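Undergrad: To start, I am sharing the structure in question, which I have written as structure tokens.
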Amino acid sequence: MNKIAIFGANGRMGRVLIDALDQAQDAILSAAYVRASSSMMGVDIGELAGIGQRGLNVSDAITADLSLPDVLIDFTLPDALEANLALCVKHKKPVVIGTTGLNKAQKEALNNASQHIPIVFAANYSVGVNLLLNLARQTARVMGDTADIEIIEGHHRFKKDAPSGTAVAIGETIADELGRDLATCAVYGREGDTGERNQKTIGFATIRAGDIVGEHTVLFADIGERLELTHKASSRLTFANGAVKAATWLKDKPAGLYDMQDVLGLA
Ligand SMILES: NC(=O)C1=CN([C@@H]2O[C@H](COP(=O)(O)OP(=O)(O)OC[C@H]3O[C@@H](n4cnc5c(N)ncnc54)[C@H](OP(=O)(O)O)[C@@H]3O)[C@@H](O)[C@H]2O)C=CC1
Ligand SMILES: O=C(O)C1=N[C@H](C(=O)O)C[C@H](O)C1
């Protein structure tokens, strides 16, 4: 049985991860960490996740015994990433990371840590989005030289980063296939006298509203026809179950940076 510990236990994803691990067949939650200052410190994990008492209390990662878990899972916010990575490297523990909105320094920290420990990093752990990435690459190969490409994403009102990590990953995949540089060809929203569209650009549009779990559409629009690929997540359990699958896959891997395409055998 794979023993898993999670960072950010009090977050939306943290609480769903507790539920997913409670239902998992081949993995067990061995620890759930919150900030040392959190009002949730010491609370039963099942009470925190709303699934009833489970007899394990929330703790903080700094004082916890990190030799106990086999793998850690981190869905927190970018500010927490470097400290969490440092703990995993110090204790030589594999880690699955889902946090999005990383800046250049945080991405560099991820790359550096992966020279010492195995890491899975993915902006989206659902099977459907990982298939969408492959379909987007295939569509770009056939239609990308003439079609206009637009990526539209919608998320709940609490989300802090935009565009979503998944939207950026779709854009990066398409840009890579077409030999474009996303840093120079991306257009983030439009307003005013924009002029005609440059076909070599990749457009992004962001919706933040209510409790949308996560929706992504990539549009390939030519004259006379358009193809739309859409994924809609209706439950965070799809991300949590994917992350647990990634943790089981990662347990005995050598140091390196992997993604969900590797886990699912789609790479
Ligand atoms: N890859 C994927 O498949 C998915 C990725 N995500 C990403 O996962 C991340 C978390 O999402 P979500 O759960 O909705 O966010 P929440 O804001 O609900 O949770 C974030 C958690 O991180 C903790 N945290 C934040 N900053 C720090 C810090 N500096 N030190 C320690 N703990 C910290 C918070 O603690 P506290 O409670 O004390 O504030 C909170 O528990 C986001 O980046 C999101 O985009 C989300 C869904 C799927
Ligand atoms: O913050 C979220 O909720 C989500 N974030 C991820 C992203 O930024 O792509 C994945 C998912 O869509 C939910």
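Note that Cβ sites are derived from N, Cα and C of the backbone, with glycine treated the same way.
Residues annotated as domain 'Dihydrodipicolinate reductase N-terminal' in TrEMBL: 3-125. Per TrEMBL, the feature NAD(+) binding site maps to G8, A9, N10, G11, R12, M13, G98, T99, T100, A122, A123, N124, Y125. The NADP(+) binding site annotation in TrEMBL covers R35. Summarising the annotation, TrEMBL assigns domain 'Dihydrodipicolinate reductase C-terminal' to 128-264. Annotation comment: TrEMBL describes H156, G165, T166 as (S)-2,3,4,5-tetrahydrodipicolinate binding site.
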Undergrad: Starting from the Cα of N10 (NAD(+) binding site), work out which of the binding-site residues (R35, H156, G165, T166) are within 10 Å.
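TA: So far as Cα distances go, the binding-site residues lying within 10 Å of N10 (NAD(+) binding site) are R35.
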Undergrad: Measuring Cα to Cα across G8, A9, N10, G11, R12, M13, G98, T99, T100, A122, A123, N124, Y125, which the record gives as the NAD(+) binders, how far apart are the two most distant ones in Å?
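TA: Per the listed residues, the maximum Cα distance equals 21 Å.
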Undergrad: Can you give me the Cα-Cα distance between R35 (NADP(+) binding site) and G8 (NAD(+) binding site) in Å, rounded to a whole number?
TA: 8
Undergrad: Near the Cβ of Y125 (NAD(+) binding site), how many other Cβ atoms are there if near means within 10 Å?
TA: 26
Undergrad: Which residues, in sequence order, are found in the same chain with Cβ within 8 Å of the centroid defined by the Cβ atoms of H156, G165, T166 at the (S)-2,3,4,5-tetrahydrodipicolinate site, excluding those residues themselves?
TA: T100, A123, N124, E153, H155, K159, D161, S164, A167, G214, H216
Undergrad: Looking at the binding-site residues H156, G165, T166, which has the shortest Cα distance to T100 (NAD(+) binding site)?
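TA: Among H156, G165, T166, G165.
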Undergrad: Looking only at the domain 'Dihydrodipicolinate reductase N-terminal' (3-125), report the model's average pLDDT.
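TA: Mean pLDDT across the domain 'Dihydrodipicolinate reductase N-terminal' (3-125) comes out at 97.
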Undergrad: Please report the three-state DSSP label of H156 ((S)-2,3,4,5-tetrahydrodipicolinate binding site).
TA: coil
Undergrad: Among the binding-site residues H156, G165, T166, whose Cα is within 10 A of the Cα of A123 (NAD(+) binding site)?
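TA: If one measures from the Cα of A123 (NAD(+) binding site), the binding-site residues that come within 10 Å are G165, T166.
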Undergrad: Can you tell me which of N10, R12, A123, Y125, H156, our binding-site residues, come within under 6 Å of ligand 1 at the Cβ?
TA: N10, R12, A123, Y125
Undergrad: Tell me the coarse DSSP state (helix, strand, coil) of G8 (NAD(+) binding site).
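TA: Where G8 (NAD(+) binding site) sits, the three-state DSSP reduction gives coil.
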